[in-house]
Amino acid sequence: MPELTLVDGSGVLRDLPAKLTWQVIVCTVIAACGGLMFGYDIGISGGVTGMDMFLEKFFPEVYVKKHQAKANNYCKFNSQLLQLFTSSLYLAAIVACFIGSICCKKRGRKPTMQIASVFFLVGAILNAAALNIGMLIAGRLCLGAGIGFGNQAVPLFISEIAPARYRGGLNLCFQLLITIGILTANVINYATSKLHPYGWRISLGGAACPALLLLLGSLMIVETPTSLIERGKDEEGLYTLKKIRGVDNVDKEYEEISQAVEFSRQIRHPFKNLWKQSGRPQLVCGALIQIFQQFTGISVVMLYAPVLFQTMGLGENASLMSAIMTNTVKPIGTAFAIVVVDRFGRRALLIEAAIQMFISLGAIGVILAVHLHSTNVVAKHYAVLVIVLVCVFLAAFAWSWGPLGWLIPSEIFPIETRSAGFSVAVIMNFVFTFLVAQTFLTMLCHMRAGTFFLYCAMLAVMCLFAKYFLPETKGIPIDEMVERVWKQHWFWKRYYKDHDNGKGGLEIQDEPKENTIA
């Protein structure tokens, strides 16, 4: 039986026995189907916006510009309405993520995932049956609500159910299924692009499949022990903890969770307490890593890859096939991350990948600046080189800022602000994904190749952030992060000078006072 050998705050060794049980593996895979939903939508939206039959029905002005011989290469797809089709999903996700945080705490992680699947299912049906742009956007808003609830609940669920030793790899299953969802969507887009005039309906309606997988699968999984104890179901929480750990000796871990939960119950306003001095390090790092994930330029590549390839002169089918090729590397990269993240740690992967993405995006920018002008077609060998560079970029993202952008915020917050803190981090992701999705085509039209150099500058900043300000969380039990990570960090430890005064800088519910007679 493998055991997790840990060191407590006093430096005394102790053991938390735990096996990697089939119960944990099955629960992780089913929960990670939330990532399959998210990935499928990312891949599908990018593909259908490049289909002529879709553009002709909903965005006729873009369809006309696309086929004008003298139209500016960088501005063919510049349409606020087309960008709204892609980005409206993230508006709904922002609101849903906040509500999902409350639902996670009050109702549990499992019911929140079920709500996510229902919203996503309704959105898929609306999009597949869309008769006008209003119906299309309504469907996107429902999909966004599903993604908001799902992305709030799934990473928390996996982080809380996984043994500390395997937490990183198991949590990355969420990102792995995102990449598989994207690849699946690209393959479906390529197949349906030839089915005129309703191929796009099949593509958009296919989102119902991962939603059904999560909805039906969630009926089979257990709730996390932390969530059960948090909602007063102590005996059920202890039983579930023994079940998922595969051992009976879980007293130490159960006591640790119970103490953390007891403290969290005294917190009056979790969202307000995030801004207290002792909560600021996790809030800043959690939010920044989600924001930086979008400033890698990934949304540009994922949401608009077929559009980018068509801008360079590749035809519709060639662009969709190129998107399939480039997105094949993402599941491979994420699988690599699952293997190495708990061995090499989070920071090493983030730093290496930032450098790799900087080089690949910079090279793409140079090729576009030199060879793609307003109305010409790029030589085929340069187009192929761009595809190769996109693969290099996606591989780096897939083993670093992609999966770790979700893993790190899900494991760094203490239980009293965990759901609220992760909610804020995810909301930041959706806000900046919306901004990127809503502005990229306009930026491409006005800044041209300079758009890619802008993201290169951000990657340089991200590399410095990971090196100097992001602490390593590899192998640290989720409820010991404050003592063993944040209080030991050269910069963030200053925020804990007053942490041991009994309240830790947090607003704690006052004990009820006894009535006294004057």
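Residue numbering: from 1, along the chain as shown.
For all residues, glycine too, the Cβ spot is worked out from N, Cα and C.
Now, the feature entries from TrEMBL:
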type	residues	note
TRANSMEM	20-40	transmembrane segment
DOMAIN	27-474	domain 'Major facilitator superfamily (MFS) profile'
TRANSMEM	81-103	transmembrane segment
TRANSMEM	115-131	transmembrane segment
TRANSMEM	137-158	transmembrane segment
TRANSMEM	170-192	transmembrane segment
TRANSMEM	198-222	transmembrane segment
TRANSMEM	283-307	transmembrane segment
TRANSMEM	319-341	transmembrane segment
TRANSMEM	348-370	transmembrane segment
TRANSMEM	382-408	transmembrane segment
TRANSMEM	420-440	transmembrane segment
TRANSMEM	452-470	transmembrane segment
Would the transmembrane segment (115-131) count as touching the transmembrane segment (198-222), i.e. at least 3 C-beta pairs under 8 angstroms with sequence separation of 6+?
yes
Looking only at the domain 'Major facilitator superfamily (MFS) profile' (27-474), report the model's average pLDDT.
86
Where, among 20-40, 81-103, 348-370, do we find the most CB pairs under 8 A to the transmembrane segment (170-192)?
20-40
